[in-house]
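Copied over from TrEMBL:
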type	residues	note
DOMAIN	A:235-330	domain 'Rieske'
TRANSMEM	A:15-35	transmembrane segment
TRANSMEM	A:55-74	transmembrane segment
TRANSMEM	A:90-111	transmembrane segment
TRANSMEM	A:131-152	transmembrane segment
TRANSMEM	A:172-190	transmembrane segment
TRANSMEM	A:196-218	transmembrane segment
Amino acid sequence: MSVKYVPVQWNRSKWVYDGIMLAAVVAFLYLFLYVTPELLSHENPINPQVHNARAFGACAFLMLTVILWIGPLARIDRRFLPLLYNRRHFGVMTTFVAITHAGYILNWYFAFSSSDKYAALLFANTSYGQLAGFPFEAFGIFALVCLVILAVTSHDFWLKFLTPPVWKALHALIYFAYVAVVAHVALGIMQDQQNHTFTVIFIGGALSVAGLHAWAAWHEDRNGDRLGTEEGGWVDICDARKIEEGRAHIKVLPNGERVAVFRHEGKLSAISNACAHQNGPLGEGRIIDCLVTCPWHGFQYDVRTGRSPAPFTEMVPTYTLRLSGNRVQVQVEANPPGTPVDPVEVPA
Amino acid sequence: MSRKETPFFVGYLPLPRGLGGFVALVSVALVALFAAAALLIGGTQDAPQDAAFRFDYGRQTVTGVVELTPYPLLRVTEGNDLIPPGKTLMMTAAGKSGVDMRAMGLEGKLAQVSGVVLERGTIDMIQLRGGRRGIQAAEGEAPAMQTEPLGRWRLAGEICDGKCLYGAMRPGRGLAHKACANLCIIGDVPPVFVTTQPVEGQDFMLITGPDGTRLPKEAYDFVGQFVTLEGDLERRGDVLVLRLDTPTIALVDG
C-alpha cells in the first residue's frame, strides 16, 4: 500500500523473491550458455548467436510457464501465495529475457541483408496460407508485444489509472501471449528437431499449464464460494456463530458480486470480497491489527467502513447486514465504497 | 493443509512460522527446475550441418570463366592446391547478398576472384571480397566450357540458400531457418536443392528458375520444406544445375 507512486516499493519479501527468481534465471542461462556447449562438443558448433537465442527463448518459455503455474497453484494451495505476491517482477524479468531472445534472432537471421532488419522480419517469409512453413515469427512478435504491454502497465499507477477490472482484463493478455509462444515454438524450432528432449519438455510445460488451470477450476467448483439465496432483498449467508473470529464467510450474491462477512471482536461486518487493488479475495484474508488484510498483496481495510487506514485512500463497498435468528443476512445492494455500517453482535 | 490451518502470508510482514520450510523447498525446487531444464534443453541440441567458413585456409585467389545461370559460377582454370583447375565455384558476397551485378559484365570471360571459401565436405562456394578486389577481369582468352545436359529429373529434397547450407549459419537449413533462407535468396545468394538421395554423385545442386531465370517467387513458399519437384538437370564442371519446372513443385505429406 502506498500514498504515492514509487518505482518499486521494496521490502524484504520482494528482495528475497526477486533474488530467488533471478537465481533460477541466472542458473538457466549460465548452464545453457556456458556449460552445454561443452556437453555437446559438436565438431562445427552451433553459431553462438543461435545458441544464445535458443537459451533466452527457452528461458522465457519456462519463465512464462512458471508464471502461469502460480495462479492456479495459489488457488489450490494457499501456501503458494508468496509466489503470487511479487509475480509482476518475474513477469517484467520475463519480458527482458524475451526481448533478448528477439534481439539475437533479429540481429542474426534478419541482419546482413540490404533490407532493414525490421522490414525483413515482416516480408522475408509470407507463407501465411500454409501450416508447415508458416511465418512463426509472427506469433513471436505478437507474444513479445503482449509481454511489453504487460510489463509497461505492470506498475500500480496503471492499475489505478485503468481501474482493476480493466487492468485485470488487459493482463489476461498473458494467456494469449502464452498460446502465441506455444504456436511460435511448435511451428518453428520444433519442426526441425531430431532429438526430442526439448519437444517433450515443451509439450509437458504447455500441458502442465492447461492441466493446472483445469485442476484449479475443478477445485473452485468443489470448494468455491456458493450462491446465497435471496428473499425480499436480503441474502442468507450462514449461521452467524460459525464464522470464526478474525475470519470471513463468503457468499455470491444474485447480482454476481461476492460479499465477505467478517467477525471481529464478536461482531459481524460485511464488505465486498474484491480488494480495491487487484480484486483479490478479501474474504480469504485475515483481520490483522483490526484491519481486513488482503491475502494477495496485504492491502488493508477497516471492516466497519471499508476504508483503508489513513493516510491510504483505498475503499471498498460495505453491506448492510442483519440477523434473522442465528442466521446472518446481507442486503443485496452494496453501499457506496467507504460507507460506515454498524456491526451486528454475534448471538450467544 | 486446509485453508484454516495455512499460515497467513503478508508480503510486508515477516514470513509466518510454518511457511518458511515450504517456501524454502519451493525456492530450491524452482532453481533446480531451471537448472535441469537448461542442461536438458541446451545439452541435447542437434548437431548442425558439418559445414563452415574456412577462414583458417586464408584468402583464396583463383581464375576462371564466369557463367551466369543466372546465379554466377566460376569454372576454375587456374587454381591452387585447395581449388584445382576444373573446379566449379558458386559465388556470393558478404552478408545476404549475391554477386550477380558484379559478375554480369564478365559472363563468358576470364575473371580473377578472391575471397574466403565455405566448405561442406567439399569446397563449392566462395565469398568474394568487396569491389574489384573480389572479382575482376583477367588477361587471356576464355576457353570454351562444356555444359552436359542430364535430362529431366523428378527429385525430393529441400530448397535452401547455398551460403547458410555451406556453413555461414549453423544450423543453416530447415523450417526455423526459412525466413533467413528466403532473405538470402531474395538477395541473390545462390539457392541450392539438397536431395534425399545422391544424384549423379551429388547431394545438392544449384537450383534456378526455368530458362535461365532466378528462382521464381512461387518457390519461396516451399523453401526449407520437404518437397518434390521436376526440372532439367545439367552439369557444369562438378556442380549440378537444376532448372526448376515451377508448377511441379509440391510439398511432401508427412
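Glycine residues also receive a Cβ, built from the backbone N, Cα and C atoms like all the rest.
Where the annotation comes from TrEMBL, it is an automatic prediction and has not been curated.
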- line: The answer for the transmembrane segment (A:90-111), taking Cβ pairs under 8 Å and residues 6+ beyond its ends, is 17-18, 21-22, 25, 47, 49-50, 52-53, 56-57, 59-60, 63-64, 66-67, 117-118, 120-121, 124, 137, 140-141, 143-144, 147-148, 150-151, 154, 174
- line: Counting only residues at least 6 beyond its ends, the same-chain positions whose CB falls under 8 A of a CB in the transmembrane segment (A:196-218) are 58, 61-62, 65, 68-69, 71-73, 75-76, 178, 182, 185-186, 189-190
Message: So if I exclude everything within five residues of the ends of the transmembrane segment (A:15-35), which remaining residues of that chain have a CB under 8 angstroms from its CBs? That is, six or more out.
response: 51-52, 54-56, 58-59, 62-63, 82-83, 85-86, 89-90, 93, 97
- prompt: What residues in the same chain, six or more past the boundaries of the transmembrane segment (A:55-74), come closer than 8 Å to it by Cβ-Cβ distance?
  reply: 25, 28-29, 32-33, 80-81, 83-84, 87, 90-91, 93-94, 97-98, 100-101, 104-105, 174-175, 177-178, 181, 185, 189, 198, 202, 205-206, 208-209, 212-213, 215-216
- line: For the domain 'Rieske' (A:235-330), the DSSP helix/strand/coil residue counts are 6 helix, 46 strand, 44 coil
Field: Tertiary contacts of the transmembrane segment (A:131-152), as residues 6+ beyond its ends and Cβ separation under 8 Å
entry: 91-92, 94-95, 98-99, 102, 105, 121, 125, 158, 170-171, 173-174, 176-178, 180-181, 183-188, 191
Task: Quick one: average pLDDT across the domain 'Rieske' (A:235-330), no decimals.
output: 94
